[in-house]
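Trainee: The N-acetylalanine annotation in Swiss-Prot covers 2 and is backed by similarity to another entry. The region 'TIM barrel' annotation in Swiss-Prot covers 13-292 and is backed by similarity to another entry. The feature site 'Critical for specifying symmetric addition of methyl groups' is assigned by Swiss-Prot to 327. Under the heading active site, proton donor/acceptor, Swiss-Prot lists 435, 444. Taken from Swiss-Prot, the feature region 'Beta barrel' covers 465-637, and the record attributes it to similarity to another entry. Annotation comment: Swiss-Prot describes 488-494 as region 'Dimerization', evidence class similarity to another entry.
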């Protein structure tokens with residue numbers, strides 16, 4: 001009946017639903033809503049004014065059907081086109097025991113009937129501070145039966161009483177909530193999902209009002225699992241031609257919600273009576289088509305959003321051909337390397353020596369040859385002579401290098417099949433070039449590799465890169481917390497998955513504070529006693545009530561002089577997609593209040609066979625130390 005079902009947001013088309021409080025003829029209404037262009041219908045499963053009695057006789061045993069028959073629609077239509085709504089008279093957190101008990105029974109009846117119909121989602125309101133019993137009833141329902149419905153918690157962006165303009169100055173307030181208006185509704189949601197133990201089946205349907213809260217409050221909401229945005233018709237303005245439009249600030253919020261692929265629900269009556277109701281939906285389609293286009297990084301990362309991957313271990317494992325292929329497609333990385341090598345050659349070889357001075361250049365970890373090609377292009381560009389060694393430990397990639405040499409490079413390049421730490425070089429290098437960096441800079445053991453190879457670098461020799469620094473930032477993300485929790489393995493400690501980092505394209509998250517530098521490594525390392533173990537303490541100020549789920553890791557590197565690469569958001573190399581950020585989770589979410597500092601301790605540890613990280617939060621409260629002795633995660637030397 002409709003082009004797209006509930007949960008089918010994707011592509012360039014807006015997925016949308018119509019919210020109605022009363023639906024006398026369900027099949028006719030569904031047909032009319034589909035004709036207007038909507039994909040699904042939000043409606044009460046029971047008549048909203050039919051207050052059932054579950055406790056007292058004789059009303060308890062009133063005869064007749066409780067609601068309409070499921071035969072009015074096909075199973076497929078119930079499964080894909082209807083979102084259920086709880087009857088408005090149900091108050092499971094009422095202080096009046098009779099109302100509470102009756103509401104519990106009615107709520108379970110409606111949820112069970114929704115499960116019987118196979119509804120894809122069910123809307124439940126969060127409109128007060130105390131929702132503890134609502135959480136209990138819903139959690140009990142989720143843990144019984146084999147249904148798979150999602151539960152969308154309808155949360156206003158700003159609490160309704162905070163929008164009243166008739167509040168008398170100095171009048172006593174009836175509530176004792178400790179949070180300001182724009183903080184309040186997020187706290188309702190945060191407490192509710194905590195009571196429900198972060199269930200993956202409970203998500204947010206965010207109701208947008210005419211007034212928006214401050215930007216940091218919106219940023220925080222965008223780190224939550226928002227599945228739907230509810231837009232009342234009353235918030236739409238009217239343009240010169242009489243069509244509904246949204247204000248500029250609301251448009252910006254819609255653009256951000258579109259990035260999260262939320263579904264939109266239009267609620268309320270037509271406030272633009274000269275126009276068809278579908279004009280609200282047409283305006284959303286217009287916004288979708290006119291939003292800023294995705295950049296190269298977003299296009300490359302499509303489909304990888306919030307998808308956890310284990311960091312590569314190229315020192316311990318031999319990479320596959322497809323992995324090399326992905327990295328080689330990066331348009332920025334190798335042009336920056338070429339520029340760095342070009343500048344280095346010009347600095348080391350004056351114009352008058354360009355015919356006689358042959359620079360020895362070693363590519364350490366040559367892979368399938370992209371850095372070799374970048375080096376040859378740089379030498380040609382600089383009009384300088386080089387003799388090149390391509391050192392690679394992966395015997396499979398060496399096959400590719402030898403083919404390159406036979407077909408293209410010739411005697412200018414010597415291919416060496418060896419671990420760089422064990423290779424006995426026939427001569428010393430003027431320049432060593434490597435691409436051994438991971439998402440957290442040193443997490444693919446670049447320091448150990450380059451330290452082991454620097455004995456064949458001349459005393460005045462140059463390493464490209466010359467320096468790299470890791471960065472950490474605290475983040476909040478229900479999505480990532482649940483993804484990590486789902487990574488539990490049968491024969492391991494039940495919390496081992498929280499003691500390892502993950503490479504991930506961060507998407508549905510909120511960064512709580514700007515990244516700060518963690519560990520820095522420089523090459524060549526001339527210290528008489530080289531020690532790559534590290535320890536740092538980082539403090540992050542937090543300006544909003546929030547919850548901490550872990551830390552995002554980034555890096556910056558100086559290839560040579562002013563030539564850099566970065567995945568830190570503030571300095572990200574435009575168009576570069578070789579690295580996604582890294583994520584260090586924590587076992588238990590930590591509530592953080594506005595004005596508090598987050599303090600994290602980070603260690604880089606090693607022994608003769610492996611390297612690992614340990615981490616712990618020490619403020620605002622202490623967590624346990626994660627990954628002691630590398631018990632859950634190590635990087636093999």
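Cβ from N, Cα, C; glycine included.
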Trainee: Would you kindly give the Cα-Cα distance separating residue 444 (active site, proton donor/acceptor) and residue 435 (active site, proton donor/acceptor), rounded to the nearest Å?
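Mentor: With the alpha carbons as reference points, the distance is 10 Å.
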Trainee: Quick one: give me the count of other CB atoms within 10 A of the CB of residue 435 (active site, proton donor/acceptor).
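Mentor: Excluding its own Cβ, residue 435 (active site, proton donor/acceptor) sees 25 Cβ atoms within 10 Å.
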Trainee: By a simple count of other Cβ atoms within 10 Å, which of 327, 444, the recorded positions in the record, is least packed?
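Mentor: Result for the recorded positions 327, 444: minimum number of other Cβ atoms within 10 Å at 327.
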Trainee: May I ask for the distance between residue 444 (active site, proton donor/acceptor) and residue 327 (site 'Critical for specifying symmetric addition of methyl groups'), taken between their Cα atoms and rounded to an integer number of Å?
Mentor: 15
Trainee: For the region 'Dimerization' (488-494), what are the DSSP-based totals of helix, strand and coil residues?
Mentor: 0 helix, 0 strand, 7 coil
Trainee: Can you work out the mean pLDDT of the predicted model over the region 'Beta barrel' (465-637)?
Mentor: 97
